[in-house]
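Participant: I have a structure I would like to understand better, so I am pasting it below and will then ask my questions one at a time.
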């Protein structure tokens, strides 16, 4: 089994690769690539992302990878992480950027005036936060509802279709932090920075056949 981790220069790539390799129990060939053909030929695809969405979209197009992402999401198990997940939506408020349009909806910024417990919440949302599962999914196997994952983001998903939301978190209002449909699964948090729970989710992805 070949698992492509898309390298377009904008992700926490080596940490993602190392985390996947740490839970690779069945000898999968897990590799970084910026070759669109290699992405399309892979059996599974991981799409990390870190930084500003306009920069990520520009680099994705510069390397000719946007169409490869669109093609692989049609049928293969696909895992988007952080900005890699945000890019799946139609539009982001960050830099008024068009996304790949695979999911209906947009990516919006947290309000700067949010208050919880009498204190103003900082943007970006950074640190450990609980994730509440709203739908069952194979990638939740072995992960408790309310488990903590590691977040670093100023923008979050606003899906136009509620059925896309698989899990939510609070900051302080509820927001979608895992979205998915069919063979696509995408997280706002960084699985590669989320210790045991993040590794379990990556392990589940390697075992997943893309069916829900």
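Backbone N, Cα and C define each Cβ position, glycine as well.
Quick paste of what Swiss-Prot says about this protein:
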type     : residues : note
DOMAIN   : 2-212    : domain 'Glutamine amidotransferase type-1'
ACT_SITE : 82       : active site, nucleophile
ACT_SITE : 190      : active site
ACT_SITE : 192      : active site
Participant: Under DSSP, is residue 190 (active site) helix, strand or coil?
Facilitator: strand
Participant: What are the non-local neighbours of residue 192 (active site), defined as same-chain residues 6+ apart in sequence with CB under 8 A from its CB?
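Facilitator: For residue 192 (active site), the qualifying residues are 12, 15, 16, 18, 19, 48, 81, 198, 202.
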Participant: Cα distance, residue 190 (active site) to residue 82 (active site, nucleophile), nearest Å?
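Facilitator: About 6 Å separate the Cα atoms of these two residues.
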Participant: Around the C-beta of residue 190 (active site), how many further C-beta atoms are within 10 angstroms, looking at every protein chain?
Facilitator: 22
Participant: How many other Cβ atoms sit within 10 Å of the Cβ of the residue listed as 'active site, nucleophile'?
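Facilitator: Other Cβ atoms found within 10 Å: 28.
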Participant: If you average per-residue pLDDT over the domain 'Glutamine amidotransferase type-1' (2-212), what number do you get?
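Facilitator: Mean model confidence (pLDDT) across the domain 'Glutamine amidotransferase type-1' (2-212) is 95.
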